[in-house]
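Colleague: What follows is a single structure, and I will ask about it in a moment.
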Ligand SMILES: O=C(O)C(=O)C[C@H](O)C(=O)CO
Ligand SMILES: [Zn+2]
């Protein structure tokens, strides 16, 4: 498990491109036959991916000093690859592409498998510390709350599908969903915002090999960008905006953890203050 420390906006504004990428960008998450995990000290979120060729068991690793991965944690999973299964303490959940799963604290045995190893499932996950057990829930995107935002005129027409949120799939702190850009739209989360009460991780995918997303971060008056490619994730501290513009339409998964779970509790940054 790779560890990333927290960072101050006063330092980050002096970072070079390389240093920014080192601290916030997560690459090479999806490797066939491997489970990759990155532990951030920011709200102690773990971002990871499992790409099973053969069935793979999720183990705790030394870093979290737990008997098993979800001993004190909860987890949200979304499959962005071929069909696969996640087996939770003997119960098998079949996940097609874009299906999700919330797993409550205390689940001991988690096994990832693909229906076809030559077109493996790509299980992307976020995990956060938890204080109680909420039921494990299989999530179909078509049954989720969906919100359409933006317009083609503003190049930000998109659909937000909320997978894990209070009132739909209960969790201790994890809130998770997926945003899909409509063809011709390239901007996400612009107008942008921060939320001092929550941090966020974005995973960009559904991108062609030759397309890029310029992900914007930083305090509203000190923005920086990170160039992102397909299936790369980026950590967004609470003090940072998180917005992107792509060279064409794309999809991304957002996961948030922190003080509250109120999706709309955002501190909007006005266009006048962005620099
Ligand atoms: O397209 C968007 O707007 C989003 O997806 C917003 C993110 O979900 C977010 O930043 C929530 O705080
Ligand atoms: Zn946000």
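Including glycine, each Cβ sits where the backbone N, Cα and C put it.
On a predicted model such as this, the values are computed, not experimentally measured, just so you know.
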Colleague: Which single residue out of 131, 157, 225, 242 does TrEMBL record at the Zn(2+) site shared with 193, 195, 200?
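Modeller: For Zn(2+), TrEMBL names 193, 195, 200; of 131, 157, 225, 242, the listed one is 242.
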Colleague: Can you count the other CB atoms that lie within 10 A of the CB of residue 242 (Zn(2+) binding site)?
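Modeller: A count of 25.
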Colleague: Hey, which of the binding-site residues 193, 195 is the loneliest by Cβ count within 10 Å?
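Modeller: Per-residue Cβ counts within 10 Å for the binding-site residues 193, 195 bottom out at 193.
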Colleague: Which residues, same chain and not among 193, 195, 200, 242, have a CB within 8 angstroms of the centroid of the CB atoms at the recorded Zn(2+) site?
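Modeller: Surrounding the site, in chain order, are 189, 192, 194, 198, 236, 238, 240, 241, 256, 266.
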